[in-house]
């Protein structure tokens, strides 16, 4: 049953939703149907199908009329340079769960995310691919930016410290001494020295803010200079410092130098601060050198670590490329099933790996994943997975779970094969009662299938129910068409030879050959079985009966050759000669008949 959504231009859209098929049912709807963009809200978890993968992202179908987009950074937390890799893991039509990041009602744009932190489900790309993460790249960039900012801060601090030291050395010149220098005729030298100060003009100093100006002392020239020549001058220096601190509001900042003037010497003595500055700058450079060396050493260590990691990755890749290597983890199996997604053997090995660790739910999940992954054209591969899932539920599940899986398997596969496999599972697990009930169901449902009667006969003979097998043969001959009777009787006789009464099997063959003496295929089967299970006398009797039949020359040649091979292997020279003579007589009689 299905619900017709639309029928336009020769295209019919159908729906298998239970809410559509049974609108009166009150069962809870897991996936609410999305018909328009108003049904989608930010932060909502929705399920849909992968429609296509383009350079702008993955397009995700939420309904027949509504489409969403997933940017590549929202598909996986790993950075993928080659977008073709997504096509392997996001096959077209794959069902996935996504989170709504944003909805634009005007443009009908829906932004979605498949990240594990958004959906709460495992990521699309496995960790075994070894891809770099987006957040790792951002952290690396942030660390580089922090390191650059710290370097700039260190340099600016050093420059400011050097500038402050130079300013301190040059801001302690008294205007009194400057006037004294003017009086002794050295005004030009003073101007030249003051011009060398870092762009500080003592003549253009102005107050920053207009405040109430207190009356200044008459003898104060506005600039103070103090110097250290002897220990007795320390008190004068301290007084000058205090006086400079208690500066009047209207006064400009006073220029000071670190050394005092010696009035008996020339102005060349003022070159000493410049020399000290050069010495201090060289000392700061020497202090910076070991820090840069340490940083270079850390870079080398980082390079060595990277080389070690690359070597480890190369070893891992070489181990993974080894064809003789057996998978030892879930990641190994993931890689194998990704390389051969339609191989049921790999999926069954993956299930067995989880069952060895008693992880029943994970084994079930692997089986369900295999059924979704294997191509629908690979019917036998899918059937193998269904049989494995039936075995799993029979061993570790309940009767209800087994029946649910069985009903699903019948729906998606050829029903007869599924019934036969479940009968074998019951028989192998010694659940004979359930197997017999299932065989009765099969005989009602598949009456015209010869294999069903034969399989049930084999089951009964293995249980030692020979009389039930004889009755079953009578039922089979009544149910099946006449052209199948000879084949069914011979197959029943073969089963009797293997599991039941050999005498009854011989009687079946004899009665069949009496009714159909020219069926050479039955004669050949009878010979093979008697060679395995009968005596040499019985075998020779059968050969003697066959070579005296009136069959076509080609068929007679085949039986004479088989008789001769048997005598060469088990007989004597006399018996071999007897077979040759019989063959020669047959040829002579045939030639005489042709002459006449």
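Glycine is no exception: its Cβ is also placed from the backbone N, Cα and C atoms.
Please treat TrEMBL annotations as automatic predictions, because they have not gone through curation.
Checked against TrEMBL, the range among 202-227, 228-253, 332-357 recorded as region 'Disordered' is 228-253. As annotated in TrEMBL, region 'Disordered' covers the listed stretch 136-170 rather than the other ranges in 136-170, 381-415, 416-450, 451-485. From the options 21-52, 53-84, 85-116, 277-308, the stretch TrEMBL describes as region 'Disordered' is 277-308.
With helix defined as DSSP H, G or I and strand as E or B, the domain 'S1 motif' (43-115) counts 9 helix, 35 strand, 29 coil.
With DSSP states grouped into helix (H, G, I), strand (E, B) and coil, the compositional bias 'Basic residues' (151-170) comes out at 20 helix, 0 strand, 0 coil. Across the residues of the domain 'S1 motif' (43-115), the predicted structure has a mean pLDDT of 83.
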